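First the structure, in the form of structure tokens, and then the observations on it.
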Amino acid sequence: KTYERCELARAMKRLGLDGYWGYSLGHWVCAAKYESNFNTGATNYNPGDQSTDYGILQINSRWWCNDGKTPRTKNACKIQCRELLTADITASVNCAKRVVRDPNGMGAWVAWTKNCKGRDVSPWIRDCGL
């Protein structure tokens, strides 16, 4: 499923991401835009460590989920990676909450660091009635 911007913002807010670990909702929506273009079915393979990034927030199989093919996965979110590809973003949000608690915070997302960090992210939730 490809979410509309405000539709995603509403879903993320409902699931408790607004202000989670100190990051406003705009940061999460911005990250999703640049990681997956709001597409829950997005996957990207990383040849270097043979891992794959999954879903709307491109959560990585080396550390966070199990896809049955990534060597030495840690599976810190204790989920199957395919659960991160569903139209319902609950699993992605729950795992993202685990990711962001690490010392890097949202810095775990390269696209966030490049495109959202230190920027005014309020336009990402503008006119969404939130």
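One-based numbering along the chain as shown.
The backbone N, Cα and C atoms fix where each Cβ goes, glycine too.
Given the structure is predicted, the values throughout are model-derived calculations rather than measurements.
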Quick test of reading the record: Swiss-Prot lists a disulfide for CYS77. Which of CYS95, CYS116 is on the other end?
CYS95
Choosing among CYS6, CYS30, which residue does Swiss-Prot name as bonded to CYS128 by a disulfide?
CYS6
CYS81 - recorded disulfide partner, Swiss-Prot, among CYS65, CYS116:
CYS65
Residue distribution over DSSP helix, strand and coil in the domain 'C-type lysozyme' (1-130):
52 helix, 16 strand, 62 coil
Cα-Cα, whole number of Å: CYS6 (disulfide bond) versus CYS95 (disulfide bond)?
21
If you draw a 10 Å sphere around the Cβ of CYS128 (disulfide bond), how many other Cβ atoms fall inside it, taking every protein chain shown into account?
16
C-alpha of CYS128 (disulfide bond) to C-alpha of CYS30 (disulfide bond): distance in Å?
14
